[in-house]
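*Asks:* Pasting the feature list from Swiss-Prot:
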type	residues	note
DISULFID	CYS32-CYS95	disulfide bond
DOMAIN	73-247	domain 'FAD-binding PCMH-type'
CARBOHYD	ASN52	N-linked glycosylation site
CARBOHYD	ASN214	N-linked glycosylation site
CARBOHYD	ASN257	N-linked glycosylation site
CARBOHYD	ASN292	N-linked glycosylation site
CARBOHYD	ASN321	N-linked glycosylation site
CARBOHYD	ASN341	N-linked glycosylation site
CARBOHYD	ASN415	N-linked glycosylation site
CARBOHYD	ASN439	N-linked glycosylation site
CARBOHYD	ASN444	N-linked glycosylation site
SIGNAL	1-19	signal peptide
Amino acid sequence: MKEALFGLYLVLLVSGLEAAVTKPNSGNFIECLRYQASPENPITDAIFTVDNTTTFLSSYVSYTKNTRFSNPNNKNLLAIVVAKDVSHVQATVVCAKSNGIQIRIRSGGHDNEGLSYVSSVPFVILDMHKLRDITVDVSSKKAWVQAGATLGELYVKIDEASQTLAFPAGICATVGAGGHISGGGYGNLMRKFGTTVDHVIDAELVDVNGKLLNRSTMGEDLFWAIRGGGGASFGVILSWKINLVEVPKIFTVFQVNKTLEQGGTDVVYKWQLVANKFPDNLFLRAMPQVVNGTKHGERTIAIVFWAQFLGRTDELMEIMNQSFPELGLRREDCQEMSWLNTTLFWAMLPAGTPKTVLLGRPTDPVFFKSKSDYVKKPIPKEGLEKIWKTMLKFNNIVWLHFNPYGGMMDRIPSNATAFPHRKGNLFKVQYYTTWLDPNATESNLSIMKELYEVAEPYVSSNPREAFFNYRDIDIGSNPSGETDVDEAKIYGYKYFLGNLKRLMDVKAKSDPENFFKNEQSIPPLLSRVRRDDEL
């Protein structure tokens, strides 16, 4: 069914593309690419333009995850460069800059607001998905991973080398390493080990002048900025060198559901009191979602409690019985498995699914909207009930992720990297809704806005914090071709808190003319930033 829908999607896009408004002349840019690229690595086959409708369209759609922003007919899109070598990246930067063309950098295509493949000014997409090499050194417990590799590919590569090493990153196997790591990616190991950026020890980046830099040549300030501040404001991330972490051979996982009729609200309230205080080895996510009720046509809220424990069932049961008996966990709810198999469990794949599924790069275009929040104090039961009531207004898939903090997240200083959301948070919230009918877009965005407003009294304030990797244009943005510092401070302080000033300082030194920009990039205008106590 998905394949049929995707085929129809391509046909409709091709029809629109053939009738599109003529795009600006990209000839000078293309000629520059051919001149700048290394003769040993010809770039011609890496360039896709509208002149070849089929290949251009396939390249565009394959890594465009949010249909809400999919627009290959955009007259400003001059070309897609699918880099196969570092020289292709360098040539794209040099030629785009010299021709006054904006670059949008796309690794996995998971940018929630489409900023890696959409612009209202002339631009090119620099697609990194073919730069996906991964090397694992078990003896040093380190790995190099290129920006275009997916988390699934990284996890499989680590598992092939060792069953007692892992990397603390996200649960979505198709996310690209370039953007995920640079924004402070997290997963179910974060209470034990922190976020992705806490384990980056080197990086390769192409700067605004087309130079290839590493940690030594870029300097510690820029290296600090790209770990949590997002790489796309500072250059093009080519690869990361990461520390791997030691894990046991056996993990325990479970999934337990509680509907409202089963006392779900009371259980979630208690979860808020204990989830951030569990031993670091335990990550227990609460996932409220809309489900069908027991009666025909009835809908209710079910809270799915997903857990991962670095250890055996016996120890986990002891912790749960002592600290969270309200959940009613039974031994038969638990499954023991390897770290790699936990990634399949979190992907909701059945037991026995081959690990090769993590290597897939499926294209399932859907409409979706996501937002984020940070919670400092337990949400009262009446607040939870207001949230449930608003969720039930959706007529499509909607869920929240309550991701517990505590553990290592409390022990890493907020300025150790550019990712600032550390001690003081009980949990992070992700709001998510998805749909297939384009006619439902306006209604779903409206309800999502209402849900966000309903939650406002119960989350962080001054500022209302947000997670950069859950990009949300609603919290502030600039036009594609401009970066006003006052507007940038609105979204920048929500994403980066007290680290914003240093990020803008780094930007002023590394990209003073603001070549690398998008609607939510970091501006280089340090002189106009107020003091920290004024932000």
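Backbone N, Cα and C define each Cβ position, glycine as well.
Thinking about packing and proximity, how do these listed features fit into the structure?
*Replies:* Counting every protein chain shown, the Cβ of CYS32 (disulfide bond) has 19 other Cβ atoms within 10 Å.
Sequence-distant contacts of ASN52 (N-linked glycosylation site), defined as residues of its own chain at least six apart whose C-beta falls under 8 angstroms from its C-beta, are absent.
Under the DSSP three-state reduction, ASN214 (N-linked glycosylation site) is assigned to coil, being neither helix nor strand. Annotation for ASN214 (N-linked glycosylation site): same-chain Cβ neighbours under 8 Å, separated by at least 6 residues, are ASP202, ALA203, GLU204, LEU205.
Mapped onto three states, the DSSP output places ASN257 (N-linked glycosylation site) in strand.
All protein chains considered, the CB of ASN292 (N-linked glycosylation site) has 11 other CB atoms within 10 Å.
Reduced to three states, the DSSP call for ASN321 (N-linked glycosylation site) is helix.
Following the DSSP three-state reduction, the secondary structure of ASN341 (N-linked glycosylation site) is helix. For ASN341 (N-linked glycosylation site), the same-chain residues lying six or more positions away in sequence with a CB closer than 8 A to its CB are PHE251, LYS355.
Long-range C-beta contacts of ASN415 (N-linked glycosylation site), restricted to its own chain and to partners at least six residues apart, with a cutoff below 8 Å, comprise GLY498, ASN499, ARG502.
ASN439 (N-linked glycosylation site) has a Cβ environment of 7 other Cβ atoms inside 10 Å.
All protein chains included, ASN444 (N-linked glycosylation site) registers 23 other Cβ atoms within 10 Å of its own Cβ.
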*Asks:* Given the recorded positions CYS95, ASN321, which one is most crowded in terms of C-beta atoms within 10 angstroms?
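*Replies:* Result for the most crowded candidate: CYS95.
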*Asks:* Of the recorded positions listed here (CYS32, CYS95, ASN257, ASN292, ASN321), which is spatially closest to ASN444 (N-linked glycosylation site) when Cα positions are compared?
*Replies:* ASN292
*Asks:* Using C-alpha atoms, which one of the recorded positions CYS32, CYS95, ASN257, ASN292, ASN321 comes nearest to ASN439 (N-linked glycosylation site)?
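*Replies:* Checking each of CYS32, CYS95, ASN257, ASN292, ASN321 against ASN439 (N-linked glycosylation site), the shortest Cα distance is to ASN292.
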*Asks:* When the Cα of ASN292 (N-linked glycosylation site) is compared with the Cα of each of the recorded positions CYS32, CYS95, ASN257, ASN321, which one is closest?
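*Replies:* Closest by Cα: ASN257.
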